[in-house]
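Chemist: First the structure, which I've put down as structure tokens, then a few questions once you've had a look.
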Amino acid sequence: MTSVQTVRSMKGEEAITMLTAYDAPTAALVDEAGIDVVLVGDSMGNAVMGYETTVPVTMEDVLSRTAAVARATDDALVVADMPFLSYGPDEATGVENAGRLLKEADADAVKLECGEHTVDLTERLTQLGIPVQAHLGLTPQHVNQLGGYFRQGTTREAAQAIIDLAEAHADAGAFSLVLEHVPANVAAQVTEAIDIPTIGIGAGPDCDGQVLVITDVLGLSDRLPPFAEAFGDVKSEMESALSGYKNAVENGEFPDEAHAHSDDDLDGLY
Ligand code: KIV
Ligand code: NA
């Protein structure tokens, strides 16, 4: 069983692997592949729910999918994303919602898109026994503020702000930090500056681990972000299974003898 302490102790020792999953069969495969951390990301909004952004994703969405993933996972650490506005309005809301992800959905930890406003919440959740994975750089829940999914930390001031916030969240008790879409040298500096592992996505090779969205990795997404890579072509496999089924039914090839049970077969049972 991978714990948050296992993940912490991997810094500087071995590369941490993390992937998203949003359903039981996919989570079971991710777990069996030996991936260290399964993230039930709010990227479910874009990846599997048909939304344009992560903004509409609700607590109920993340609860139900986290529970499915947790039921199918034996070894990997299960981290649940806190969706837009499930934390932030006030501390009690954040504590209650984070707690629901552990109590009702069996998550092992929560992830928060971070800023100045999440330092105290990270400390409070950690004190209460709810491990926190921080997330800095591009924070997609701010898409309406940012105007798009642009690389962050591209000026000296912006890079320093990320380093400062990374240190503040590490001091507040976060067990790891996701760095999204920042220059590789900034990610390397953050990784050097803090004693908890950094897990990068579009953040170069010098992080302590890497994370990608499962539909991108499997080759199931229509568009790949510039920093992602498809390691397979599951979309073609699904297309050929679907056309194979349709053709077989239309041609009368399915069901065949092997799939058909006639009355004679039933008679044979008696
Ligand atoms: O929701 C998500 O999948 C994420 C990862 C991209 C880190 O936050
Ligand atoms: Na996310």
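Here the Cβ of each residue, glycine as well, is placed from N, Cα and C on the backbone.
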Chemist: Need a hand: TrEMBL gives ASP81, GLU113 for Mg(2+), which of ASP36, ASP42, ASP61 is also on that list?
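Modeler: Candidate in the recorded Mg(2+) site: ASP42.
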Chemist: Which number gives the other C-beta atoms within 10 angstroms of the C-beta of GLU113 (Mg(2+) binding site), all protein chains shown included?
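Modeler: I count 24 other Cβ atoms within 10 Å of it.
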Chemist: By CA distance, which of the recorded positions (ASP42, ASP81, GLU180) lies nearest to LYS111 (3-methyl-2-oxobutanoate binding site)?
Modeler: ASP81
Chemist: Which ones, of the recorded positions ASP81, GLU113, GLU180, have a Cα no more than 10 Å from the Cα of SER43 (3-methyl-2-oxobutanoate binding site)?
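Modeler: Near SER43 (3-methyl-2-oxobutanoate binding site) by Cα: ASP81.
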Chemist: Rounded to a whole angstrom, what is the C-alpha distance between GLU113 (Mg(2+) binding site) and GLU180 (active site, proton acceptor)?
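Modeler: Per the Cα atoms, GLU113 (Mg(2+) binding site) and GLU180 (active site, proton acceptor) stand 10 Å apart.
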Chemist: Can you give me the same-chain residues 6 or more apart in sequence from GLU180 (active site, proton acceptor) with a CB-CB distance under 8 Å?
Modeler: HIS135, LEU136, GLY137, LEU138, THR139, PRO140, GLN152, GLY200, ILE201, GLY202, ALA203
Chemist: Using a 10 Å cut-off, grab the number of neighbouring Cβ atoms around the Cβ of ASP42 (Mg(2+) binding site), all chains included.
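Modeler: I get 30 for this one.
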